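Listed in TrEMBL:
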- Glu176: active site, proton donor (ACT_SITE)
- Glu371: active site, nucleophile (ACT_SITE)
- Gln30, His131, Asn175, Tyr307, Trp418, Glu425, Trp426: substrate binding site (BINDING)
Amino acid sequence: MSTTSVSGDAELIAGLPAGFRWGVATSAYQIEGAVAVDGRTPSIWDTYCRVPGAIDNGDTGDIACDHYHRMPADVALIKDLGLDTYRFSVAWPRVQPRGKGPVNPAGIAFYDRLVDELLVHGIDPWVTLYHWDLPQELEDTGGWPVRDTAYRFADYSMLVFDALSDRVDTWTTLNEPWCSAMLGYAYGAHAPGRREYPAALAAVHHLLLGHGLATVRMREAAPRKVDIGITLNVATAYPASSSEPDVEAARHADGMGRRIYLDPLVHGHYPADVVADLAAEGVELPVEDGDLELISAPIDVLGVNYYFSQKFTGYAEDGRTVDDAGQPISRTIPLDKPRTAMDWEIVPEGFTDLLVSIARDYPGLPMVITENGSAFEDHADASGFVADTDRTAYFTSHLAAVAEAIRQGADIRGYLAWSLMDNFEWAYGYAKRFGIIRVDYETQARTPKQSALYLKDLAQRHRGQ
Ligand code: FCB
């Protein structure tokens, strides 16, 4: 079944520590549907999906995988795969409609049932509090570029924490703040679709502040030992050559993608070179007294989401090293690797390099891979089965990359595949399939793909070794 030899898989399994988590991840807006049910109000994604041309094919999350109504059967699928951890996100506008006021009993009841259903099946629930679905009303008052949103996030987090912390052991505040800030507010590629660079940098800081406020309050309120952390999408930024402009371009990219988050979270300050780069662009992070103490409140686990790495050059195509505004060039050029259906290059060695670099730069921080996976052109047979050797090979090479990082000293405690099932892939709508379980969107039938059976087999063998 696997595209590697049995001995390759055996070696991979042997390289993963005892107690290593095996799981899958999803997020609320991508799977739940039921957007106007039980008191849920619109999020920025409901609004953004209505912008003509924003989403491929005009798709929306209105129905998605209809998980809200099919949750017990979906949990049973995770159980059938023998996976021990399920990472899901809570929809803020379901639990706290309009982003203010008390908990919505009907909304939190869904997650209450989900947690119980997981526990009954022996699956560890891993909650992500924010996977991009900001209540629209909070965007209307400024969104993440506004400081108050961080306080609103902490209040919302406590509503969820109060309801579920008696049973949920692991809490992630934010999923991929880079995407919320940069795709949402700088590049206009995600909700809310704004293109305001200074506002995006304010969003970076306020997202981190929201994380810190929520972390401190959850820690104080914790009824027992819980693990609290954050999930970042990070990658290795390789310089195209050892020339100074190329090395500079890679440094800049690493600063804006990795260190601008990890340095304040772990070391309690923004990286000086990033602050200088931003100052040169006329941008200042809106840091107030005490913010960095909050942001660097200790965390128990760093969630790492990895999909690809990139190579950077400091030269424009015409050879210039500065643009018309006098800013240094930093642009990606191909690594000349095979690509997934997202056009993302497949770079497992970048995964190892990334994990080893985090272990080196931020020692003592346990990591869990909270997302890793790939979209490919799936072809289902008459029964709905997809023989996804490409996705399976991606899992093999990336799990081997994790095992190699562990061998080099990185403390990595688990691997959660993205994703449990095909789902709403943001601006790509339903066109891109990341699931290890196929979803037929006409019938909502679920069929495990070859990659699901592969992960099931690996997890089982690892546990049995
Ligand atoms: C990540 C997101 C996740 C999914 C994958 C493919 O950036 O966290 O929701 O879209 O990419």
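Cβ coordinates come from backbone N, Cα and C, glycine included.
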Pairwise C-alpha maximum, in angstrom, for the residues (Gln30, His131, Asn175, Tyr307, Trp418, Glu425, Trp426) that bind substrate according to the record: 18
Nonlocal neighbours by CB distance (under 8 Å) for His131 (substrate binding site), same chain, sequence gap 6 or more: Ser27, Ala28, Tyr29, Gln30, Ser89, Asn175
Between Trp418 (substrate binding site) and the residue listed as 'active site, nucleophile', the C-alpha gap once rounded to whole angstrom: 5
Intrachain C-beta neighbours of the residue listed as 'active site, proton donor', sequence separation six or more, cut-off 8 angstroms: Trp132, Thr231, Leu232, Asn233, Asn305
Distance from Tyr307 (substrate binding site) back to Glu371 (active site, nucleophile), taken between C-alpha atoms, in Å: 8
Cβ within 8 Å of the mean position of the Cβ atoms of Gln30, His131, Asn175, Tyr307, Trp418, Glu425, Trp426: remaining residues of the chain near substrate: Ser27, Glu176, Glu371, Ser419, Asn423, Phe434
Residues satisfying Cβ distance under 8 Å from Tyr307 (substrate binding site), sequence separation of at least 6: Asn233, Ala235, Met342, Trp344, Glu371, Asn372, Gly373, Ser374
Cβ-Cβ neighbours of Trp426 (substrate binding site) (radius 10 Å): 24
Cβ neighbour count within 10 Å of Asn175 (substrate binding site): 24
